[in-house]
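Reviewing the structure listed below.
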């Protein structure tokens, strides 16, 4: 480290001391050299001197020692490049178009809420809420979803009916698994219907919306699982689950999409204190899947028929399937008793859409044990929702309830699949929407190009021009091919004299002279046809 000849006489300990302290600075290294070459110096003395010097250096600072800055995004977050954003925008447009088709208007709410607004609404998932530091006497938390803020908004503004959508970021203090679309910061796309209406019509429309969006995005085969919290609670009651354990057992059942029944049962018995007999009875019911026929059969079940709330839920499931038949979506919907959805605010119908690898399992044909006759491998939930009739009343000073039902599209998981599909296909993704490039065939035409591009912008046409005075025509044409720009408006000295513009189709390389007065109309015609 030091090239001074005096260093050659140091022992290994002395040299180690000097090398260690060299990072602290020249002055401290000089002291270390003097110390380490003195006779009778002990290791303890050296350690003491090192500590003093490091403490001194920390106080005075300096450029020699700098924190190693790591250039990265925070854990559980990501950046999106222009190509990814183009795909993302396409997905958003599809979803928003569907929401608007069903008559929804949109709102927005703050990204953070009072902590007490969010507390107690998510059951065991409440531990995933991001709490913020006290600012100005308010305890705040980042929103966990868009549903609780929506309920708060309804109560604050005394709104009793609305059909709304809301697309915004939410936050989860979770262990991220980004390869599976699990983030700490992500978008949710929510559609909700609030108001007092005839049973199951709004609920059926929410399922129709999920069906339309997943079909239009062409993500592959999917299945929409449906259940009712009243059926679950009734099932728990007749199986011998104590009242105070309903919510915690419900959260355990919710893990059946990730864990085998044996693991779920073990958690119920060993961790939640449920009797093995009660767990086995629950196991018989949660293996059942079907359609309207299963609801009819369970209404005749000796145990389930003893629960009034289970019977009310089963009757609504029957009514729901009758509307779903009218909407022509029953081929993708299955009544699944294992579906629980752990959020505490659900009061009735709940549903979840999952993508399947091996096609959609038959949902109306049941094997002897009540399970579908063919296994279908789930590759993850992409939408979920349900009815939450009591949530608004939790915020209303007089406890007035506003019935609500809604659905949330898992946009990050959808986007991951769309991105993979784009990578696998040879189709080029356009990152801009430029319709025409204004180019020049000769030098010194920059002013004329700027005049023309300004005319196009003023007419609402998406156009661009190269930021060089005299670019080569070939370079301008290559830019169009690389960017997917379909048309080129070429100016030259002769074109300017004749009052025309040479319009070139990039794909076919066909060229035609168009009068300056007719150019805008011609570009509109060609781009609308494309």
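Numbers here mean position along the shown chain, with the first residue as 1.
Glycine is treated like the rest: Cβ placed from N, Cα and C.
All annotation found in TrEMBL is predicted automatically rather than curated by experts.
TrEMBL lists 145, 146, 147, 172, 188, 192, 341, 345, 346 with the feature L-histidine binding site. Cβ neighbours within 10 Å of residue 341 (L-histidine binding site), excluding its own Cβ and spanning all shown chains: 20.
Annotation comment: TrEMBL describes 47-418 as domain 'Aminoacyl-transfer RNA synthetases class-II family profile'.
Summarising the annotation, TrEMBL assigns signal peptide to 1-22.
Fewest other C-beta atoms within 10 Å: among the binding-site residues 147, 188, that description fits 188. Counting other Cβ atoms within 10 Å of each Cβ, the binding-site residues 145, 346 show the lowest value at 145. Note on the domain 'Aminoacyl-transfer RNA synthetases class-II family profile' (47-418): its mean pLDDT in the predicted model is 87.
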